[in-house]
Amino acid sequence: MAGYEYVSPEQLAGFDKYKYSAVDTNPLSLYVMHPFWNTIVKVFPTWLAPNLITFSGFLLVVFNFLLMAYFDPDFYASAPGYKHVPDWVWIVVGVLNFIAYTLDGVDGKQARRTNSSTPLGELFDHGLDSWSCVYFVVTVYSIFGRGPSGVSVFVLYLLLWVVLFSFILSHWEKYNTGILFLPWGYDISQVTISFVYIVTAIVGVEAWYEPFLFNFLYRDLFTAMIIGCALCVTLPMSLLNFFRSYKNNTLKHNSAYEAMVPFFSPCLLFILSTAWILQSPSDILELHPRVFYFMVGTAFANITCQLIVCQMSSTRCPTLNWFLVPLFLIVLVVNLGIASYVESILLYTLTAVFTLAHIHYGVRVVKQLSSHFQIYPFSLRKPNSD
């Protein structure tokens with residue numbers, strides 16, 4: 001298993017023919033962030049590998065998740081009557097979130113600046129982005145929490161899925177059109193949330209208890225922004241881009257079935273995880289919300305990474321992901337009725353298995369592509385230059 005090769009010879013051959021194609025029409029990105037990133041990238045030394053910048057940004061997102069997990073393990077810290085997260089933590093999380101966002105914006109520019117752009121770099125970037133979705137959403141949840149002035153853990157679960165489907169929608173577009181249309185919601189959300197973290201440190205979480213307009217609470221605005229961005233911006237633009245490609249006869253997959261295959265595994269993941277929540281004898285989501293979110297987000301990341309490999313190599317997306325098998329079995333067991341502590345053990349075990357399996361997948365894919373393209377993933381030196 002240690003030497004298992006996830007990328008097939010057909011996919012490796014597809015990577016050899018791959019050409020990056022992306023469209024960014026977001027005004028915030030084009031007129032504000034890109035000029036800012038063009039300035040920032042000049043600070044980095046030319047010997048610094050782009051993938052190292054990408055990985056550093058990802059680690060900052062993970063650090064924020066772990067830091068907030070320490071101070072707000074059960075999402076009650078922002079509720080009235082509970083010990084709140086220290087103000088300095090909000091400042092640290094806000095600053096690090098913006099730095100991580102900046103690093104995600106300059107890694108590609110560093111690659112072009114150093115003439116080191118490779119398919120591996122794009123795959124590495126977007127693969128880590130797919131896992132960052134759950135870290136980002138769950139960390140943001142601590143602003144409101146699940147107290148009387150907050151959002152229930154089930155509503156947050158649904159909002160997490162809105163974000164996850166919004167993310168995979170862009171890569172579904174590319175799988176069918178060959179062009180990555182960068183979503184508007186990403187840049188807007190990153191800048192906004194970084195700002196909100198800092199504001200929270202200044203005004204305190206109590207400020208979010210009050211309605212900002214009539215009886216409309218800030219938590220309602222938080223929910224409305226996520227759903228509204230997905231339904232009013234991300235989804236319509238994705239469908240429009242797909243329809244344009246259809247009219248121009250440039251779709252890569254002619255049948256409706258093949259075009260929709262990338263959605264099969266995510267939809268089954270949603271159905272199975274939701275079934276577990278609804279059938280849980282111990283109310284598992286209320287008991288271990290952070291772990292449950294992380295389990296779902298990690299499984300989603302693996303599904304998305306496999307889709308990204310397929311769309312970059314112009315190969316067929318797998319219909320089902322093997323992560324769904326153990327999840328399906330656990331849902332069956334839960335449906336039979338089990339003790340609360342057993343269900344908790346199953347959740348933690350499944351989460352550990354998913355995490356280790358996904359890390360193994362990522363490490364092996366990076367090693368395969370590094371060997372194929374004869375590069376070091378975290379260095380600009382060539383293997384034959386040693």
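Cβ from N, Cα, C; glycine included.
Those TrEMBL annotations? Automatic predictions, nothing curated.
Pulled from TrEMBL:
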TRANSMEM  47-68  transmembrane segment
TRANSMEM  88-106  transmembrane segment
TRANSMEM  127-144  transmembrane segment
TRANSMEM  150-170  transmembrane segment
TRANSMEM  221-243  transmembrane segment
TRANSMEM  255-279  transmembrane segment
TRANSMEM  291-310  transmembrane segment
TRANSMEM  322-339  transmembrane segment
TRANSMEM  345-363  transmembrane segment
Most Cβ pairs under 8 Å with the transmembrane segment (291-310), selected from 88-106, 127-144, 150-170, 255-279, 322-339: 127-144
Beyond the flanks of the transmembrane segment (221-243) by 6 or more, those residues with Cβ under 8 Å of it: 143-144, 151, 155, 159, 162-163, 165-166, 169-170, 172-173, 176-177, 179, 181, 183-185, 188-189, 212, 251
Stretch among 127-144, 150-170, 255-279, 322-339 sharing the most Cβ pairs under 8 Å with the transmembrane segment (47-68): 127-144
Positions whose Cβ lies under 8 angstroms from the transmembrane segment (150-170), at least six residues beyond its ends: 75, 78-79, 129-130, 133-134, 136-138, 141, 144, 180-183, 185, 219, 222-223, 226-227, 229-230, 234-235, 238, 262-263, 266, 270, 277, 285-286, 289, 292-293, 296-297, 300, 303-304, 307
Long-range neighbours of the transmembrane segment (255-279), counting only residues six or more past its ends (CB under 8 A): 154, 157, 161, 164-165, 168, 171-172, 175-176, 285, 292, 295-296, 299-300, 303-304, 307, 310, 316-321, 323-324, 327-328, 330-331, 334-335
Distant-in-sequence neighbours of the transmembrane segment (127-144), which means Cβ under 8 A and at least six residues beyond its ends: 54-55, 57-58, 61-62, 64-65, 68, 71-72, 75, 77-78, 85, 93, 97, 104, 150-151, 156, 159-160, 163-164, 167-168, 193, 196-197, 200, 205, 208, 218-219, 222, 290, 293-294, 296-298, 300-301, 304-305, 308, 358, 362, 365
